[in-house]
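A.B. asks: Dropping the structure in here first, questions after.
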Amino acid sequence: MEEYVQQSYAKYQPSFPNRDSANKGYDFPHFEPLYFLEIFPLQPGIMVFARSVARLARPASSLLSQRAVPQTSRGVFSQLGGARGLTASSSRQGKVLLCLYDGKEHAEMEPQLLGTTENELGIRKWIEDQGHTLVTTSDKEGENSVFEKELVDAEVIITTPFHPGYITAERLAKAKNLKICITAGIGSDHVDLNAANTTNGGITVAEVTGSNVVSVAEHVVMTMLVLVRNFVPAHEQVAAGKWDVAAVAKNEYDLEGKTVGTVAVGRIGERVLRRLKAFDCKELLYFDYQPLKPEIEKEIGCRRVDKLEDMLAQCDIVTINCPLHEKTRGLFNKELIDKMKPGSWLVNTARGAIVVKEDVAAALKSGQLRGYGGDVWFPQPAPADHPLRTASYKNWGGGNAMVPHMSGTSLDAQKRYAAGTKAILESYFSGKHDYRPEDLIVIGGDYATKAYGERAHGGNNKK
């Protein structure tokens, strides 16, 4: 597995060939939050700078195990509020706090489910062999949580976008030993970056750039098909032992011949457009502050639209692939949704807070939206009464393709972001700090990219 993980990680090292040469040296990194293109500029004419695209030759070595570590070798489990907390059995050189979701019996059934408290990204043995302590928990909410209690003396905190331990200014103030926060995946909007820059002389924040862009792009296209073909109610019908073709065909369409647009065309947005090319859509559009190279537009067969509202009015299907920050929080509210083509579909695998959930639910009920799907929620995990759990098109029982936050955590993606997390840890613990530049969000008390620093006011973008 180690060799496979290394190959998987290397395959998705970022490369940036597709931007207009007029902005030489500029990159629009992938969509997920804290990526560094300002598609909604704070000031007209601001030149947006990108993080370096230099690539390090250092391999992402991994000791990921194909087998779950036996409980007896991993410390003592405690149950707090139904969440599993793993408390280290001894104090060692440095303390790593790892926040993941519980895999329970599923982690035992599938040891490659690395992003769980049971399998711990496959890094426990390696960390302990280096003389450090690993504390793993899923209990992250509130001042009495394991996460809150253990962060006070943690040197390293690792969390994921799929079960984020929110690292607020208040929590950072308690973390006197904290030196680095690592996102096992992509999207560090669960960290208050402004506070990270001023805490303990500047805390490094890093993520595994490029680790799940293919996974998310595939999920986007799948969600489009699920919505357009009215798959969910059709499957529910047969699972219930019923047979009524008319009941589901009344809201079923083809993807061919539809106009599809993406809000942002970074690594994920571009991959979505490339995959849609095979479906013979009427037109592929994108809204982005930075255009693709003309030859790439020609290759894909896509067209840039200057104004977001103009693109929305033309699209049968819209996919959101932009960052979450203060300019995009609540972007898709009633006012903007009303500017969309009536009866269109909306897909969101970016961040739940980019849409106003109540407005999306109301638009589905009225028929302004024919369907909404994705895997991101606000808040997350979603409460049982979250309106997007049950919202449907005109109450017909369709138009909803929402799932838990899973698009970027396929088993293949987990291998990549587990290996990338270990590579960041190796760089940190070795003292070399030779991180891949594209993985860095903040370092040394400042933003690794001016573009994000200019827009990251307002603190923690809690999803």
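Numbers run from 1 along the shown chain.
Note that Cβ sites are derived from N, Cα and C of the backbone, with glycine treated the same way.
According to TrEMBL:
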type	residues	note
BINDING	I186, N212	substrate binding site
BINDING	R267, I268, D288, P323, L324, H325, E326, K327, T349, D375, H405, M406, S407, G408	NAD(+) binding site
DOMAIN	127-427	domain 'D-isomer specific 2-hydroxyacid dehydrogenase catalytic'
DOMAIN	221-391	domain 'D-isomer specific 2-hydroxyacid dehydrogenase NAD-binding'
SITE	R351	site 'Important for catalytic activity'
SITE	H405	site 'Important for catalytic activity'
A.B. asks: Taking the Cα atoms as reference points, how far is T349 (NAD(+) binding site) from I186 (substrate binding site) in Å?
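C.D. replies: Answer for this pair: 12 Å between alpha carbons.
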A.B. asks: Need this for a regression test: recorded positions I186, N212, R351, filtered to those with Cα within 10 Å of L324 (NAD(+) binding site). What's left?
C.D. replies: R351
A.B. asks: Could you state, as a whole number of Å, the largest distance between Cα atoms of any two of R267, I268, D288, P323, L324, H325, E326, K327, T349, D375, H405, M406, S407, G408, the listed NAD(+) binders?
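C.D. replies: Per the listed residues, the maximum Cα distance equals 25 Å.
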A.B. asks: By the DSSP assignment reduced to helix, strand and coil, which category contains R267 (NAD(+) binding site)?
C.D. replies: helix
A.B. asks: Relative to the Cβ of N212 (substrate binding site), which residues of the same chain, six or more apart in sequence, are found under 8 Å away?
C.D. replies: G185, I186, S407, G408, T409, S410, A413, R416, Y417
A.B. asks: Return the count of C-beta atoms lying within 10 angstroms of the C-beta of R351 (site 'Important for catalytic activity'), excluding that atom itself.
C.D. replies: 29
A.B. asks: Out of I186, L324, which of the binding-site residues is least crowded by other Cβ atoms within 10 Å?
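C.D. replies: If we count Cβ atoms within 10 Å for the binding-site residues I186, L324, the smallest count is at L324.
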A.B. asks: If we count other C-beta atoms within 10 Å, could you say which of the binding-site residues T349, S407 has the fewest?
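C.D. replies: Per-residue Cβ counts within 10 Å for the binding-site residues T349, S407 bottom out at S407.
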A.B. asks: On a simple 10 Å Cβ count over all chains shown, which one of the binding-site residues R267, H405 is most densely packed?
C.D. replies: R267
